[in-house]
Amino acid sequence: MAPLTSFYNSALWVILGGIASLSLAIGVGRFAFTPILPIMQEAVGFGTDFAGMLASANYAGYLVGAIAFGYVSPARRLLCFRISLLLCVLLTGLMGVSDTHGIWFVLRAITGLASAGVFVLGSVLVLDRLNTMGYTNAGGQIFGGVGVGIVLTGLAVPALDLLLGWQGAWIGTAFLSLVPLLLAWVFVQPQALSAVPVTKTLSRSYRLTAGGAPMMRLWAAYFCEGFGYIISATFLVAILQQKTGSAFVSQSAWVLVGTAAAVSTLFWPRFGARFGFVKTLIVAHGVQAVGIILPVFFSHAWAAYVGALCFGGTFMGIVGMSLIYGRTLASGGQVVGWLTGLFSLGQIIAPVIAGFMAASRGNFDGPLIMAALVVAAGTILLWPDRNRA
């Protein structure tokens, strides 16, 4: 039994389980919708206003899940995590079974709830396990799983659509998702309950005032990121297909987004540690704003790819560095909770607004300009604290 125990306790396999978890939770549970959206619109005939509401249903479910799963006891984390894994795959497949709008809303909302369970509980299980194994600094590598999931769905969806249509794309994606499900099921395991550190609960007054003005500015900047990034993340394939007239360019640019997101998790935390997290966040917000707005002014393939690199290469970095910086301003899990809540609120609001704007004007120029300006506002909000951590 010793070799088998050693195998499961290897940090490499724990990290692999974390990557698989996040690729399923976000790459599939949230972002499989992005490459399938224009295919569904062409086949079924719904507008961007409805598409925005459908996306927001998923993000609203995620917000509810992020809050609810934060209260799951350590003894029940693995069970809830595995149920969430199964639901992510099952509900993704069911999107291809029905063509009823109301059922789609319910499925996307519950998928958002389940993806939050996989993300929140999977992250806790993996990071706690790595901490007890002495690999505290290795935890950031699991967030590359988001990009991995985007790449896999970005590659699979066009082929599945060609062979089976939009419904087959959903069902085929669900079947392919069984691979990360199996990896996460096997390699994400809880640490011994006796090893779980006791977390002290902050008082209400401290939770609301901790971090002072810098924390308030970080909250506002993080809300801006959630609002701005999700417009591109939801509609990018549809936007680029409209701009370039090429399904290949739009789909391959989405794959590039995932590749950049996966790789970026390796270098942004290092830049933050070396140059300061606030300065690095300011740069990342600026680069992302440029990437978002680029397709407004240029409809060439090169602009699609450069924009995809700028966007994909920053959004996971901003998430990670914002959480790290927030923990330097005030201790306690409530910091992450407040940041996640504000970020999710931006994600819920933005697709609805962007969808109706695009539907009324016939293009995404207005939503993209709005998204870029909101993300750029994050640089202004963070600027007074540029000499901090």
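Keep in mind that glycine also has a Cβ here, set from the backbone N, Cα and C atoms.
Since the structure is predicted, the reported quantities are computational estimates derived from the model, not experimental observations.
Copied over from TrEMBL, here are the features:
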type     : residues : note
TRANSMEM : 12-33    : transmembrane segment
TRANSMEM : 53-72    : transmembrane segment
TRANSMEM : 79-97    : transmembrane segment
TRANSMEM : 103-127  : transmembrane segment
TRANSMEM : 139-157  : transmembrane segment
TRANSMEM : 169-198  : transmembrane segment
TRANSMEM : 219-240  : transmembrane segment
TRANSMEM : 246-268  : transmembrane segment
TRANSMEM : 280-298  : transmembrane segment
TRANSMEM : 304-324  : transmembrane segment
TRANSMEM : 336-358  : transmembrane segment
TRANSMEM : 364-383  : transmembrane segment
Worksheet entry | Chain residues outside the transmembrane segment (79-97) and at least six past its termini with a C-beta under 8 angstroms from it | 21, 24-25, 28-29, 32, 69, 72, 104, 107-108, 110-111, 113-118, 121-122, 125, 166-171, 173-175, 177-178, 181, 184-185, 188
Item to complete: Determine which recorded stretch among 12-33, 53-72, 246-268, 280-298, 304-324 has the most C-beta pairs below 8 angstroms with the transmembrane segment (139-157).
Response: 12-33
Fill in: Maximum Cβ pairs under 8 Å to the transmembrane segment (219-240) - stretch from the list 53-72, 246-268, 304-324, 336-358, 364-383
336-358
Item to complete: Given the cut-off of 8 Å on Cβ pairs that are 6 or more apart in sequence, determine whether the transmembrane segment (246-268) and the transmembrane segment (304-324) share at least 3 such pairs.
Response: yes
Response to the item:
Given the transmembrane segment (103-127), its same-chain partners at Cβ distance under 8 Å and 6+ residues beyond its ends are 14-15, 17-18, 21-22, 24-26, 28-30, 33, 53-55, 57-66, 68-70, 72, 77-78, 80-81, 83-85, 87-88, 91-92, 94-95, 139, 142, 184, 188-191
Item to complete: Considering only the recorded stretches 12-33, 280-298, 336-358, state which has the highest number of Cβ pairs under 8 Å to the transmembrane segment (304-324).
Response: 280-298
